[in-house]
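Participant: Swiss-Prot lists these features:
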type	residues	note
BINDING	Arg23, Glu79, Lys118, Lys450	(6S)-5-formyl-5,6,7,8-tetrahydrofolate binding site
BINDING	224-229, 243-249, 268-271	GTP binding site
BINDING	Asn224, Thr243, Ile245, Thr248	K(+) binding site
BINDING	Ser228, Thr249	Mg(2+) binding site
DOMAIN	214-374	domain 'TrmE-type G'
Amino acid sequence: MYTKDTIVAIATPQGNGGIGIIRISGIDALEIAEKLTKKQLKPRYATFCNVYNDNEIIDHGIVIFFKAPLSYTGEDVVEIQAHGNPFILNLIIKAALNCGARMAKAGEFTERAFLNNKLDLAQAEAVADIINASSEIAAKSAAKSLQGDFSKEINNLLEKLIYLRMYVEASIDFPEEEINFLEDQKIHSSLEEIYKVILAIKNSCKQGVILAEGITLILVGKPNAGKSSLLNALAGKESAIVTSIAGTTRDIVKEHIQINGVPMHIIDTAGLRNSDDIIESEGIKRAIKKIQEADQVLFVTDDYTNSQVKFSDIKEIIPEFYDQIPKDIDITYVHNKIDLLKEVPHNHANHIYISAENNIGIDKLKEHILNKVGYTNQNESIYTARERHVTAINNAFEHIKLAKEQLELGNGELLAEELLIVQEYLNSITGEFSSDDLLGEIFSSFCIGK
């Protein structure tokens, strides 16, 4: 918990606006605010007043004092609502610094809220998720996490797990009771229930990560196969130049869209071929690098006569780059220009037939993309999650499986050890046991005013 210093920052986005908010938090927040306003501020009252630097008026606005612990950070907090001109706001910041405050670090207000038990770590991360949400569903899901829905699931699970651990360890510590707890049906049923709950949370977390972080799609293929046309069709607008000249796209073209509320980061790349053009060759190198970062690759081809096209075909197109491409990457083969066919083949497995230019098959392709990443559109029950949550849940799931094995083998002490490991992984999600390095990494990704 912070007790000795007071921080200040602009809490509203950069740029001009009707209102700009300065946030001050810490032990001297009230004293500093009263120096700036020359007013005595009452808790939870909106006070209209001038804001001064010494005796010079900087601006006027509304000032609200939130007395600890009834504030966002759990400390004394003052918010100054001034005119949203960056020069004015920076003058107020300088005046606050002159009165003894210091500039807040990124995410420091929310970090203080976490350290003062105003919210747990999962809720703190949801603050960033709700700010950065790029779709309505993502925003609603982040709000669920911020309200504590995700944390409640974890805490309810922890209660069951701790009760089971107490029972198991008590039985080990008091063998004179001559109770063979390993044959107790309560142990078996309780462990099975915990296993099923972790599995359900594991699946929900996967959905939550998709909403929070989106899906990165990369379009690759030979020149003039229709990658840029497909990008425009998916985006619903002309984001990339489309011509009949091979090699038109020479650099990475990015577009951010939504499919059924799921954020999609689509990347169009230079056509894959051997080229003497220095710029085009550099574009191809960048394309190969982006393939390694993708959640899913759309391999666009107009070779609609060959439904058995494989990613190894790249070896023939650009053999010098083939070894740099992950062989286990998730690929959908998009057969373009089916409007030239008399009879349209049926979609099968990872092969989808479309006409990007005529918008044929695009909806089926979108549906296929969502299915491939495992998104099930459970709007009402999804909360946002982070990759670290998924990692923790996956680890907890593996160890709860080991716990079941130890129970079947009759190894009581090893069962207790596995249950403890599961508890530690679950605790890391809400921040019960979190290293300083982890906290620093999480809160440094926030904007300054949060």
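Even glycines carry a Cβ here, placed using N, Cα and C.
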Participant: Out of Arg23, Glu79, Lys118, the binding-site residues in the record, which is closest to Asn224 (GTP binding site) when you go by Cα distance?
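Facilitator: If we rank Arg23, Glu79, Lys118 by Cα distance to Asn224 (GTP binding site), first place goes to Arg23.
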Participant: Using a 10 Å cut-off on Cβ-Cβ distances across all protein chains shown, tell me which of the binding-site residues (Arg23, Lys118, Lys227) has the largest neighbour count.
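Facilitator: When each Cβ's neighbours within 10 Å are tallied, Lys227 leads.
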Participant: Which whole-number value in Å describes the distance between the Cα atoms of Lys118 ((6S)-5-formyl-5,6,7,8-tetrahydrofolate binding site) and Ser228 (Mg(2+) binding site)?
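Facilitator: If we compare the Cα positions of Lys118 ((6S)-5-formyl-5,6,7,8-tetrahydrofolate binding site) and Ser228 (Mg(2+) binding site), the gap is 48 Å.
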Participant: Sort out for me which one of Asn224, Ser228 has the most neighbouring CB atoms within 10 A, since those are the binding-site residues we care about.
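Facilitator: Most Cβ neighbours within 10 Å: Ser228.
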Participant: Determine, to the nearest whole angstrom, how far the Cα atom of Lys227 (GTP binding site) is from the Cα atom of Glu79 ((6S)-5-formyl-5,6,7,8-tetrahydrofolate binding site).
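Facilitator: With distance taken Cα to Cα, Glu79 ((6S)-5-formyl-5,6,7,8-tetrahydrofolate binding site) is 50 Å from Lys227 (GTP binding site).
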Participant: For the C-alpha pair, I'd like the distance in angstrom between Arg23 ((6S)-5-formyl-5,6,7,8-tetrahydrofolate binding site) and Ser228 (Mg(2+) binding site), rounded off.
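Facilitator: Distance between the two Cα atoms comes out at 45 Å.
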Participant: If you average the pLDDT over the domain 'TrmE-type G' (214-374), what number do you get?
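Facilitator: That region's mean pLDDT is 74.
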Participant: Could you state the whole-number distance in Å separating the C-alpha atoms of Ser228 (Mg(2+) binding site) and Glu79 ((6S)-5-formyl-5,6,7,8-tetrahydrofolate binding site)?
Facilitator: 48
